[in-house]
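Peer 1: Before anything else, here's the structure in question.
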Amino acid sequence: MSSPRAGVSCNAGIPDFRSPGTGLYDNLQKYNLPFPEAVFDLEFYSRNPDPFVHLASELWPGLRHSPTITHSFIALLERKGLLLRNYTQNIDMLDVLAGVSEDKMIECHGHFRTASCTGCSLPFDGDECKRIIVDEKRAPTCRHCGGYVKPDIVFFGESLPPKFHRMVKQDTKKADLLLVMGTSLMVSPVNMIPDMVTKSCRRVLLNRELVGTFKRVNGLRTRSKQHNTTAQRDIFHGGDCDESIRMLCSILGWENELDMLNSSTRLGG
């Protein structure tokens, strides 16, 4: 099982949410929001959709950002028959653009492919939603009730997709290795996945710092970013995710395959 988070997409030019000074929330001041999280707040969107529309038009998948080495690695795992499932909190869809198939994906916080009304939940054409937001820089409106339409990404207060709850119980019983990458492990319930896997499942954290449950592991030692840190069950490798993945693929003899796969998914490539 793999579980990439916002930090995995930073090398694609997409800021994470919480890094001081560079995170998405720190860079939302230009929208004059009452609080940073308001850009993903359903009630706020119903009153003022413009900040989200502006942000979505910049982040819409497939327009400006290409999959990173880490995204390509996840796709490579699937090609080699090693990927049980990919649980991503990211809404950028870079995993899909990298080649991860739909049946291997759990997009925990939704995606931009489809859209629906925030008022009556009537489905709205995804391509038309994209055209209106990206080209016209405005929020689409529902033809039935006149409410604002948004892509089917999970806002604060909304439930995660049913597929997440259905599959996570099955997959955490089957997984023999969990890769957690680029995360603060602060957002529930996805941050509980490392605690849901079986005791026999190895857990690997590729991240700039120890976070969440990995901080509480007895016997887990930290070393410099150039070295693996190992415990009986858990491994932490500190530093940039892409650098860590490249080092791993070099050891496995997969580096050429990784580079070829990544090059084939670059925008304009």
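Residue 1 is the first one shown; counting continues down the chain.
From the backbone N, Cα and C atoms, a Cβ is placed for every residue, glycine too.
The active site, proton acceptor annotation in TrEMBL covers HIS109. Per TrEMBL, the feature Zn(2+) binding site maps to CYS117, CYS120, CYS142, CYS145. Annotation source TrEMBL lists domain 'Deacetylase sirtuin-type' at 1-255.
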Peer 1: Quick one: Cα separation, CYS142 (Zn(2+) binding site) versus the residue listed as 'active site, proton acceptor', in Å?
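Peer 2: Their Cα atoms are separated by 22 Å.
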Peer 1: With a radius of 8 angstroms around the mean position of the C-beta atoms of CYS117, CYS120, CYS142, CYS145, what other residues of the same chain does the Zn(2+) site pick up?
Peer 2: THR118, GLY119, SER121, LEU122, ARG143, HIS144, GLY146, GLY147, VAL149
Peer 1: Just to confirm: which same-chain residues, 6+ apart in sequence, have a Cβ under 8 Å from the Cβ of CYS120 (Zn(2+) binding site)?
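Peer 2: For CYS120 (Zn(2+) binding site), the qualifying residues are CYS142, HIS144, CYS145, GLY147.
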Peer 1: Which residues, sitting 6 or more apart from HIS109 (active site, proton acceptor) on the same chain, put a CB under 8 Å from its CB?
Peer 2: GLN89, ASN90, ILE91, ILE153, VAL154, LEU160
Peer 1: Return the residue, from the listed binding-site residues CYS117, CYS145, with the maximum count of other C-beta atoms within 10 angstroms of its C-beta.
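Peer 2: The most densely surrounded of these binding-site residues is CYS117.
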Peer 1: Let me know the model's mean pLDDT on the domain 'Deacetylase sirtuin-type' (1-255).
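Peer 2: Mean pLDDT for the domain 'Deacetylase sirtuin-type' (1-255): 89.
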